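Novice: So TrEMBL has the following annotated:
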- 12-32: transmembrane segment (TRANSMEM)
- 42-396: domain 'Ammonium transporter AmtB-like' (DOMAIN)
- 59-79: transmembrane segment (TRANSMEM)
- 85-103: transmembrane segment (TRANSMEM)
- 144-164: transmembrane segment (TRANSMEM)
- 176-195: transmembrane segment (TRANSMEM)
- 215-235: transmembrane segment (TRANSMEM)
- 247-269: transmembrane segment (TRANSMEM)
- 289-317: transmembrane segment (TRANSMEM)
- 338-358: transmembrane segment (TRANSMEM)
- 370-395: transmembrane segment (TRANSMEM)
Amino acid sequence: MAPQYAPGLRSRLPLVAFLLETIFILLFVFFVKIEQHERTDREADSKLFISSYAEFQDIHVMVFMGFGFLATFLVRYGFSGSGFNMLLAAMAIQWAVLMNGFLLPQHHYRREIHISMKSVIEAELCAASALIAMGAVHGKTNPVQLLLMALVEVTGFVVNQWVLRTLLRANPVYSVMLLHIFGALFGVMVSWVLYREGIEPVHEKEKTDRKTGLFAMFGTLFLWMFWPSFNSALVHPRRERGMKLTVIYGTYLSLAVSVVMGVSVSVLSSSKGKMNMVHIQSSALSGGVAIGVAMAAVHTPWIAMMIGFCASLISALGLRYMKNHMLFAFECHDTCGVLNVHAIPGILGWFAHLFLRLASIESTIAVQFAVHHICVLLITACMSLVMGTVTGLFLKWSIWRPQQDRKCFDDQAFWEFPNLAVQK
């Protein structure tokens, strides 16, 4: 039997999706073109395109397969986890292309947005930030709310980049890599505003089993394998070849250490001395998050490994102890633990970047750099927290018809199951 709010979703989701897609198509008609350049060195340009396209494929797999499979860890939310991930990513990428083109143009054209491989990669990274935010409200919102949340999150993230680049002259790659901090804090604030007393302390459907845990592990492996491309994609292979290789090697070593530490901490923190698959899946990725924020200042392997060591340690302990305390102390339910997987490791990477740079520059400009670096984090955190709060209040309106508490973390609210159909 269909839930009583299904007709409300039927009247809203197609309308919202159709309206948004129509607007996007019209904007693409008038403003978006394919970038064309006069090439002088065809062989070099061909190699550059092949390299960029390979990185785009890696990130594409991460966004749709990595995050998609990772979101299937709940027993009765596999369809929604993977399906909503695909819907949000597809919509967020289109909007990110437009927002990046209007606010962060690569070249100065006559009010036109020229799509290049770099702009598509940047759009994928913006979509990844929206998917991170979605993890905090996973299972507690309907697809209409998620679509609107993704659009606001991408808008806020691009505006944050514009502020950092315009006012603080922040490095473009560094401003993009703050996506973990922005997305996680944004999602946590939305979850805090949308808090439901009916899911405290643990919802009966908020659990995993062997099958869903295995699918989530597939997603973790996709993310883990391609994370070096995620961190290095925007580093130019010609002008910064040495930097690009350093980022790739450092990310890989940091991820490797994260896996070992994640398993170790999971066993040590368990009262039964056993490993927790969810904790390992999350902490194994924390090293890639931390090193992505700090990568501009990391030039030696052992520093990258130490960053992965600390990030995994903090992430695993946070997932074991902090997640439940957040629920009881602040009434903030973070379904996927994005605060411990993305926000805290990202801030750890920010601290590592700050200390490493202060150790390598002259004392005369150290204070200036520290103030600049602190302002970058404060602006990013404040903008994400404020926009997350406003978005949560907006999504709380009854017009969006959120599902009932008993239907949270349940696919039956949104998907057809022929084997459960009632024969008339």
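Cβ coordinates are placed from backbone N, Cα and C, and glycine is handled just like the others.
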Novice: Is the transmembrane segment (12-32) close to the transmembrane segment (144-164), in the sense of at least 3 CB pairs under 8 angstroms with a sequence gap of 6 or more?
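Specialist: Taking Cβ pairs at least 6 residues apart, the transmembrane segment (12-32) and the transmembrane segment (144-164) are in contact, with 3 or more under 8 Å.
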Novice: Counting CB pairs under 8 Å, which listed stretch among 85-103, 176-195, 215-235 touches the transmembrane segment (59-79) the most?
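Specialist: The stretch I would name here is 215-235.
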Novice: For the transmembrane segment (338-358), what are the same-chain contacts with Cβ under 8 Å, counting residues 6+ beyond its ends?
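Specialist: Answer is 132-133, 135-136, 178, 180-181, 183-185, 187-188, 282-283, 285-287, 289-294, 296-298, 303, 307, 310-311, 314-315, 318-319, 322-323, 326, 366, 369-370, 373-374, 377.
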Novice: Where among 12-32, 85-103, 176-195, 370-395 do we find the most Cβ pairs under 8 Å to the transmembrane segment (289-317)?
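Specialist: So the stretch in question is 176-195.
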Novice: State the residues, same chain only, that lie 6 or more residues beyond the ends of the transmembrane segment (12-32) and have a CB under 8 A from a CB inside it; answer 'none' if no residue qualifies.
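Specialist: Contacts with the transmembrane segment (12-32): 91, 94-95, 97-98, 101-102, 111-115, 142-144, 147-148, 151, 400-401.
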Novice: Please indicate, using numbers and ranges, the residues of the same chain that are 6 or more beyond the transmembrane segment (370-395) and have a C-beta under 8 Å from a C-beta there.
Specialist: 133, 141, 145, 148-149, 152-153, 156, 159-160, 163-164, 168, 170, 174-175, 178, 181-183, 185-194, 347, 350, 353-354, 357-358, 402
Novice: Looking only at the domain 'Ammonium transporter AmtB-like' (42-396), what is the model's average confidence as pLDDT?
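Specialist: That stretch averages a pLDDT of 90.
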